[in-house]
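Peer 1: Swiss-Prot lists these features:
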TRANSMEM  17-37  transmembrane segment
TRANSMEM  59-79  transmembrane segment
TRANSMEM  92-112  transmembrane segment
TRANSMEM  116-136  transmembrane segment
TRANSMEM  147-167  transmembrane segment
TRANSMEM  174-194  transmembrane segment
TRANSMEM  222-242  transmembrane segment
TRANSMEM  257-277  transmembrane segment
TRANSMEM  291-311  transmembrane segment
TRANSMEM  320-340  transmembrane segment
TRANSMEM  379-399  transmembrane segment
Amino acid sequence: MATADVPLSSINWQKNLFVAWCGCFLTGIAFSLVMPFLPLYVELLGVTDPHSLNMWSGLVFSITFLFSAIASPFWGGLADRKGRKIMLLRSALGMSVVMVLMGLATSIWQFLALRAVLGLLGGFVPNANALIATQVPRNKSGWALGWLSTGAVSGALIGPLIGGLLADSFGLRPVFFITASVLFVCFIMTLFAVREEFVPVQKKDMLHAHQVFTTLKNPRLVLTLFVTTMIIQVATGSIAPILTLYVRDLAGDIQNLAFVSGLIASVPGVAALISAPRLGKLGDRIGPERILVAMLLVSVLLLIPMSMVQNPLQLGILRFLLGAADGALLPAVQTLLIYNASNQVAGRIFSYNQSFRDIGNVTGPLMGAAVSAHWGFRAVFVVTACVVLFNAIYSWITLRRRVDRSSMLDE
């Protein structure tokens, strides 16, 4: 069956990349605007017992990722049938409506249900990745996907700061309405600025899920990349629950603990913002597989000394360097995925990858909390380093066996 995508030359992929970057930036801001005060909003909805507050805060945070993991393959299949632009529009508008409803919620059960619906309707960033990956020339895909990844990262960095200021100035509920407005701007911008020439595929002509993997050049490698994506998120998420407490252990009872913890939490994102396009471009030249394995090993070498630091400054420096390495990982994975998948199934492959990413977002904090409860904060970094090391070794073995990269570039 002929691919549903038109030749690359008929589309201004540079313009689409810029607009998709802006969309990912706005989506990153929108999602992170409400994150700093989620527990406060749960409390506002009537959950006041400290134990219950912790439980509900964890539930409303994780349920979005759980439902996103479930829904992503469905939306990916629909994207391969109907096009990626319509999925961007569906995601932006759907999330905008849900954010309005969240601001109107009157009970914790309503809020929990809406967080689940948010996960079901989300997916702007993976669909943007699929759109750009299928339009950009293959020899520029590492740079393009690396640059695109900085949109969501930079939005997520700015969002909590703006969200905190807005919540202090206007209250908690208005921030949800402001977030909805940001997502609606993303919808309008995508509607009028993104161009995609896509020939819809009849449902009867669509490949079934098991057939998708038969079209891949190296199915085993793709499965390894899915697991790598999950472990990247596990490694990131495992540290999140204990970071503030670890900083307090290192610094003592300082007055500006929240500021110092927030700074240390955000520096990896700043480093990733700087490194992702550069390492993506380097990957286009020397191969994304080398970048992936090298940066996984660098991550291991940085995680281990984090368990030995004596003050917050040392931790901050190591986390900045870790962010620079991590900034190359997901773009390298995405580049390898598009090398191995045809445009015909790209939407589903990226959606499966998103499902594994969501699973990592859920399991990472659980692993970090469990390890710290049994062996202390420092053990979290050691255990995480071991998990990443296993993934680096397995990825290296799998990537060594894959076909020559030049044959992957031949379409």
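Please read every residue number as a count from 1 along the shown chain.
Note: Cβ is positioned from N, Cα and C throughout, glycine not excepted.
Owing to the predicted nature of the structure, the values given are computational and were not obtained by experimental measurement.
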Peer 1: What stretch, picked from 59-79, 174-194, 291-311, 379-399, has the most CB pairs under 8 A with the transmembrane segment (116-136)?
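Peer 2: Comparing 59-79, 174-194, 291-311, 379-399: 59-79 has the most Cβ pairs near the transmembrane segment (116-136).
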Peer 1: For the transmembrane segment (257-277) and the transmembrane segment (320-340), check the count of CB pairs under 8 Å (sequence separation 6 or more) and say whether it reaches 3 or more.
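Peer 2: As far as Cβ distances go (cut-off 8 Å, pairs 6 or more apart), the transmembrane segment (257-277) and the transmembrane segment (320-340) touch.
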Peer 1: Using a Cβ-Cβ cut-off of under 8 Å, list the residues of the same chain that are 6+ residues beyond the ends of the transmembrane segment (147-167) and lie near it.
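Peer 2: Distant contacts of the transmembrane segment (147-167): 17, 20-37, 40, 125, 128-129, 132, 174-175, 178, 262, 266, 269-270, 272-273, 276-277, 280, 327, 330-331.
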Peer 1: Counting Cβ pairs under 8 Å that sit 6 or more residues apart, are there three or more between the transmembrane segment (59-79) and the transmembrane segment (17-37)?
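Peer 2: Result for the transmembrane segment (59-79) with the transmembrane segment (17-37) is no.
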Peer 1: Checking distant contacts: for the transmembrane segment (379-399), what same-chain residues at least six beyond its ends satisfy Cβ-Cβ under 8 A?
Peer 2: 220-221, 224, 227-228, 231, 234-235, 238-239, 242, 289, 292-293, 296-297, 299-300, 303-304, 306-307, 367-368, 371-372
Peer 1: Restricting to the same chain and to residues at least six past its boundaries, which positions have a Cβ under 8 Å from a Cβ of the transmembrane segment (291-311)?
Peer 2: 142, 228, 235, 250-251, 279-280, 282-283, 318-319, 321-322, 325-326, 328-329, 332-333, 336, 378-382, 384-385, 388-389, 391-392, 395-396, 399
Peer 1: Which sequence positions outside the transmembrane segment (92-112), separated from its termini by at least 6 residues, show Cβ-Cβ distances below 8 Å to it?
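Peer 2: That would be 23, 27, 30, 34, 41-42, 45-47, 56, 59-60, 63, 118, 121-122, 124, 173-177, 179-181, 183-184, 186-187, 190.
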Peer 1: Which residues, given as numbers and ranges, are at least 6 beyond the ends of the transmembrane segment (17-37) yet have a Cβ under 8 Å from it?
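Peer 2: Tertiary neighbours of the transmembrane segment (17-37) are 88, 92, 95, 99, 102, 124-125, 128, 131-132, 136, 144, 147-160, 162-164, 166-167, 172, 175-176, 178-179, 182-183, 185-186, 189-190, 193-194.
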